[in-house]
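Engineer: One structure, as structure tokens, below. Some questions next.
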Amino acid sequence: SPAMPVPGPMGPMGPRGPPGSPGASGPQGFTGPPGEPGEAGSAGAMGPRGPAGPPGKNGEDGESGKPGRGGERGPPGPQGARGFSGLDGAKGDSGPAGPKGESGAPGENGTPGAMGPRGLPGERGRTGAAGAAGARGNDGAAGAAGPPGPTGPAGPPGFPGGPGAKGDAGAQGGRGPEGPAGARGEPGNPGPAGAAGPSGNPGTDGAAGPKGTPGAAGVAGAPGFPGPRGPSGPQGAAGAPGPKGNTGEVGAPGAKGEAGAKGEAGAPGVQGPPGPSGEEGKRGARGEPGAAGARGAPGERGGPGGRGFPGSDGPAGPKGATGERGAPGAVGPKGATGESGRTGEPGLPGAKGMTGSPGSPGPDGKTGPAGPSGQDGRPGPPGPVGARGQPGVMGFPGPKGAAGEGGKPGERGVMGPTGAAGAPGKDGDVGAPGPSGPAGPAGERGEQGPAGAPGFQGLPGPQGALGETGKPGEQGLPGEAGATGPAGARGDRGFPGERGAPGALGPAGARGSPGSXGNDGAKGDAGAPGAPGAQGPPGLQGMPGERGAAGLPGLRGDRGDQGAKGADGAPGKDGPRGLTGPLGLPGPAGATGDKGEPGPAGPVGPGGARGAPGERGESGPPGPAGFAGPPGADGQPGAKGEAGDNGAKGDAGPPGAAGPTGAPGPQGPVGNTGPKGARGAAGPPGATGFPGAAGRVGPPGPSGNPGPPGPAGGPGKEGPKGNRGETGPAGRTGEVGAAGPPGPAGEKSAGLPGPQGLAGQRGLPGQRGERGFPGLPGPAXEPGKPGPSGPGGERGPPGPMGPPGLAGAPGEPGREGSPGNEGSAGRDGAAGPKGDRGESGPSGAPGAPGPPGAPGPVGPAGKNGDRGETGPAGPAGSAGPAGPRGPAGALGLRGDKGESGEAGERGMKGHRGFTGMQGPPGPAGSSGEQGPAGAAGPAGPRGPAGSAGSPGKDGMSGLPGPTGPPGPRSGEMGPAGPPGPPGPPGAPGAPGGGFDLGFLSQPQEKAPDPYRMYDDANVLRDRDLEVDSTLKSLSQQLEQLRSPDGTRFTYSVLEDGCTSHTGTWGKLPLLDLAPMDVGAPDQEFGLEVGPVCFL
């Protein structure tokens, strides 16, 4: 049977087609560049005189005039300042002694003299009477500290201090011993089915099963191959001639006969497929001239003509603009001498004279009165300790302590509400140019512009009318044989042949490949119970407890790295039809089709409308230069275009100059607490503390390895239509694809039959076919003439070949035969009728790109595209100038507690005092005897932070430590008497057994975060969970206060009485807790807090 045809490779590119008919006229070209400047015109007439220039610069100063005449005497000047004293005159001679005068009147008392020196101390006078008590003097300055007095008795314990700030996490403890094995957990839910494992090796063959019941009849198998031909039977007796038999099988081809006489020409065969293009034929004889063609398209615009002759002079131009200011003129001649000046005013007073010499000393004064008494002497040595005084009045509350240290930064709060819109930012960079606005209305016609540059090549014009049929060329050489035609459709089923003899048994087939694994079998019966196992080793730490309630959603994390690409989703629905794409480049010229036969002439059509004007013809020779026309009127301004889009953001400007200093801001709130003081000396070691509560869950571990990609997601919703992308660059030509499936049979009529292939090798004998249906009886033959019955002859030679029988059913295709020898070329057949139009050939290689088309008019503005994705962050701008210092922030929230300090020793239990206000601490007393261990002391000063250890596993709670030995007691405890009057408060001793809930927060346990409540229906459920978890955490911590035997008093709260929720949060206001007389000195007590309402 003929082999299936395979499409051949693409043929070579056909010859270039004839040039297309001229294209339509192109659009008006762009305005050309301005022409070269014309030559300068002749000089205009002289303009009128310009306006006067501005005044020139001042001339240089003239030379000095001659001195004027002397002025008249001026009026007297004002009184001058007093001159310096003159020097003392020389001492005069002594005069003669005068006569004694009379006694004068007593003079006035002289002024008291300066105080004389201190007199010697007088003798001690007698003791005077005691004066009245003076008013209380001001407090003296504090004296130097006296030596410490003896230790007073221990005072009652003060109230516990407020909780200290939370300490930093301590260093990681060592890992505790492994606990006993926990109880076995309940079986988990069955996991999902694992992926199918690889096929196992084939097992050994099992024993043969019992014979199954016969199955239902199977579908009839395909017909087997024909069996080998059976041996000939013995010759039978000659029968009577039977009816005409069915056609026999085709015999083997006979030997080649001699050539017969030339037959008559057959009917023309069906046209074969077109052969490949022949080589170019010789040029035919020149045809007759055709009819005149249509008028050609106008040629391209000619280049600019030669330069014209200069025109005649134009009229005089308008008056010129005012000239620039002239240069300064030369210096003028020297001026005449001026008049004399006025007389000058009197001068300023002279400088002060020098100081005179000092006078002689005066006489001594009288003795002054005694001076005040001297200062007090130094304090004497301390006196003995006085008797114990009465208790003082309760003091006023002390001043507010200094603010504690700033807390550690709190956890990041919930995202706040969106802030108000910020002030407008700086002007952005200039945006990219916006799209062109719509064209404005046309202005009035301007003057004729200079000649434009030649326009771009126009688009190809429409197809011209068909030319007349050319004369036939010379006959080409015969083409090569075409490719083998496709296989014909399958013929009708032939009549069934006789049933063949059974074939021999075929060899056993090869062993089949192992089958796929069967489904799981039914569950087997339970096996017998095994023997009990030996005691196993203790198990590992038990499974974690039940999962706690869900926490609040965390803050939004930073954006994760881009995940791995997921598996391709199922294809989405078809999107909406896209916009029409841009016009493609013109394809390469197709091969010239066969020329059609001329159709009948149509009737004459009506006259067409007037055609568009042709392109401008070539320039004629330049005419003589015309006179210059008057200037045309200015055109009206065009309409204002729409504003373009905002430009891109400009570069940041240089920083502005510093502004003036602003007015001082308002007084800021109290600043943060100052730095922490230096660490105090460590106290004596404290008693063993209670075991800490279980630590909080450690920080999340490092990210696990990325999981396998998730299953493909379902198809997404139909996305919005994307913006139209820009046309991408042309891809490179792809490689030849694999051969496609054979197309449907074309409409071509059958090709010429190909040469006969060599006979294929004989197929394997087929299995015995099913019994065919009985054939139809053949047509009755003519009866033979009865011959004389001869004796039985021997078997004669084979008779001549009978006529060929009808075609049997087509056998299965044989293997492809080897190609036959090339036959000799047949004679040229007569030309067949014109074939139907062939199917489009494969696309040729892309032609060279055509010239660019003329730019089209500006299209209407498109709709705004969807908002683009956020672009990558731009580079950071340069830092702006520092802003003014903002006001001080509000006082921060109270920070976490500091680390626990080292515990102090336990003090003795004091007598019960008044419940007074907490006094200031007294000086440290000397250590008393070792008393019984007190409760844990308050938190000490915060130690320096150790380097944070890596978080250890949460250890199991340790067993309670042993109780310390009791201290010595004075005597047996007598029966309790009635409470006596309160005793005086003792001097403060070393800090003792006050006790503070802060000790519950162990260094590695962070107290529960204060919870927030919102008035929002969606948050109610979360809030309830959060309240639960907070209270559960509190109760777990307080549970560690239980007494050693586990008994405790509990007061349960049975309902939540909260009726309103304010949206604010509050701390549980347990400000202080002072257990009084709980029992024995080392008695523990418990406290459990249930739900609370804030009123």
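Cβ atoms are placed via backbone N, Cα and C, with glycine included.
Pasting the feature list from Swiss-Prot:
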type	residues	note
COMPBIAS	1-21	compositional bias 'Pro residues'
REGION	1-1011	region 'Disordered'
COMPBIAS	22-49	compositional bias 'Low complexity'
COMPBIAS	58-72	compositional bias 'Basic and acidic residues'
COMPBIAS	147-160	compositional bias 'Pro residues'
COMPBIAS	180-223	compositional bias 'Low complexity'
COMPBIAS	299-311	compositional bias 'Gly residues'
COMPBIAS	477-489	compositional bias 'Low complexity'
COMPBIAS	498-544	compositional bias 'Low complexity'
COMPBIAS	577-592	compositional bias 'Low complexity'
COMPBIAS	699-712	compositional bias 'Pro residues'
COMPBIAS	872-893	compositional bias 'Low complexity'
COMPBIAS	924-960	compositional bias 'Low complexity'
DOMAIN	1062-1095	domain 'Fibrillar collagen NC1'
Engineer: With DSSP, how much of the compositional bias 'Pro residues' (1-21) is helix, how much strand and how much coil, in residues?
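Structural biologist: The compositional bias 'Pro residues' (1-21) comes out at 0 helix, 0 strand, 21 coil.
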Engineer: Using DSSP, tally how many residues of the domain 'Fibrillar collagen NC1' (1062-1095) sit in helix, strand and coil.
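Structural biologist: For the domain 'Fibrillar collagen NC1' (1062-1095), the helix, strand and coil counts are 0 helix, 0 strand, 34 coil.
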Engineer: With DSSP as the yardstick, break the compositional bias 'Low complexity' (22-49) down into helix, strand and coil residue counts.
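Structural biologist: Tallied per class, the compositional bias 'Low complexity' (22-49) gives 0 helix, 0 strand, 28 coil.
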Engineer: How many of the residues that make up the compositional bias 'Basic and acidic residues' (58-72) does DSSP mark as helix, as strand and as coil?
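Structural biologist: Within the compositional bias 'Basic and acidic residues' (58-72) the tally stands at 0 helix, 0 strand, 15 coil.
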